[in-house]
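Participant: Quick one: structure below, then a few questions.
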Amino acid sequence: IASLKNNCVSSQSYTIFVTLADEAECAYTLFVVAILWLTEPMPLAVSALLPAVMFPLFGIMESKQVASAYFKDFHLLLIGVICLATSIEKWNLHKRMALRMVMLVGVNPAWLVLGFMVSCAFLSMWLSNTSAAAMVMPIVEAVAQQITKAETEADALEMSCSNGSINPTLELDGRHAVQLLKNKEDKYNGIFKVMCLCVAYSATIGGLTTITGTSTNLIFAERYPACQCINFGSWFILSIPIAVIILLLSWIWLQWIFLGFDFKNMLKCGKKKTAREEASAQVIQKEYKKLGPISYPEIVTLVLFILMTLLWFTRDPGFIPGWSSLFSKYKGYATDSTTALVIGLLFFIIPAKTSTRTSNGENTVFGYTPLITWKEFQSCMPWEIAILVGGGFALADGCEVSKLSEWVASKLTPLGSLPLWLVILISCLIVTSVTELASNPATITIFLPILSPLVTIHVNPLFILIPATLCTSFAFLLPVANPANAIVFSYGHLTVMDMVKAGLGINIIGVAVVMLAVMTWIVPMFDLYTYPSWALNIPSTNSTGL
């Protein structure tokens, strides 16, 4: 660069070269980190720290700028939620909830998975995807553990009844026994993987249904305030069928790739239980009775759990004023992380024991101990995931500062001459691919101005922008693609290739369903074949030069 500077005819040519160098260096960093995340030659969090080293050395961002990307609002939300999760796990509330759910639904993994998906998707409609996944995942982990334990005990009982002392002809040879144990282990691993992935994916799918359900929907709605047809109700109506279809097809897909497609067994509900299922149910009931009556710490944790949920629901629901409107002078200051931290701090303040009266009426003295301690919180806090997500934020910031995103935008100019359905499909595929490596908010922020210039050919912008906004949430392939994936991945039951294998199919399902929707029921809802008056206010060019 120094040599070129001396030989440059004008400062303009030098500026162009430096800009292109920044783009290339950022692209190189992005490529290196992506390869390391895919192949995992070292811990994911270590790979996520590379932008903090490479960006300052390449002159893309200052070190303090990169460092600020590694701790954001998401991390405060994570801290508050982990305080709740620590208390839930410490006092076995998750185990009580898990066992109760299994007793109600049964031990059929297919129906349990669907139940968890519906529950998590419903929570994600109103809460952040991260919060929904973080709350449901400890329960799912406990359920999977209890089912595995019940199945193991049932297997032991079955083996004891079929050994040679009762019937010598049923005695298994060594090779057959090893194969049987291997099959059982594969089955249990498959159950864990399906249950983990169902939480991550349903949290994302549920967030599609409301404007406040995910940040990408909110960014889209706020970017075009003149478009009065986009509101909480209309978005809910257009996206609910999309979410339901994707959810059901994802359920079938996950069952097929990890547990095998046994449609008859999947639909077995309410019929007479087999001997194995009866044995498993007995083990579950026995474990539940061991817990005894609900304790004081469990009650307090449950109350704080419900309170956190209600505060998240009512902060800014969209269709009615929320409690955040009480602080109208500081609009937008309080977020979900504010609520999470307030409730999280209470776990360090509220005592874990109550005083009891003796026979003479005096209170017994006990040492003050909070619901959770800092050491217990540290043991549960997934610092690796916090760094991992921070690395994703740093990459997104680097793409914007280096103008790499604008360079990508300039290459999309030929899209305007293609058939409309093909433009929509290509747009969906591009944003779905980019959002796997960049954060969802960064992706939608980059691509909304890129796709907006299509109004110059008098196409309703919503034809392009609605499917692009929905597909920006389809970050299913990698643990770093979104925080919900990262939380689920931190439990250690999944590999990156497990998530890639499952997520690729759900990405295809998602794009296909969105294409179906935008060509059918969304058209009459928003009169997409009519060019709207508000679109005239969108500039035909933007900072990308389109």
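Each Cβ is built from the backbone N, Cα and C atoms, and glycine gets one as well.
On a predicted model such as this, the values are computed, not experimentally measured, just so you know.
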Participant: Can you say which of 333-350, 477-494 is given as transmembrane segment in TrEMBL?
Facilitator: 333-350
Participant: What same-chain residues lie close to the transmembrane segment (333-350): Cβ under 8 Å, and 6 or more beyond its ends?
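Facilitator: Here the qualifying positions are 73-74, 76-77, 79-84, 86-87, 127-128, 131, 300-301, 304, 307-308, 311-312, 315, 324, 327, 370-374.
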Participant: For the transmembrane segment (27-58), give me same-chain residues lying six or more residues beyond its boundaries with a C-beta closer than 8 angstroms to one of its C-beta atoms, as numbers and ranges.
Facilitator: 66-67, 69-70, 383-385, 387-388, 390-392, 394-395, 398-399, 404, 437, 478-480, 496, 500
Participant: State the non-local partners of the transmembrane segment (191-212) in its own chain: residues 6+ outside its ends, Cβ under 8 Å from one of its Cβ atoms.
Facilitator: 109, 112-113, 116-118, 120-126, 128-130, 132-133, 136-137, 140, 143-144, 147-148, 218, 221, 230-232, 235-236, 239-240, 242-243, 246-247, 250-251, 254-255, 258-259, 316-318, 470, 473-476, 482, 484-485, 487-489, 491, 493-494, 498-499, 502-503, 506
Participant: Which residues of the same chain, at least 6 past either end of the transmembrane segment (232-258), have a Cβ under 8 Å from a Cβ in it?
Facilitator: 110, 113-114, 117-118, 121, 190-191, 193-194, 197-198, 201-202, 205-206, 208-212, 217, 221, 266, 318-319, 466, 470, 501-502, 505-506, 509-510, 513-514, 517, 521-522, 525-526
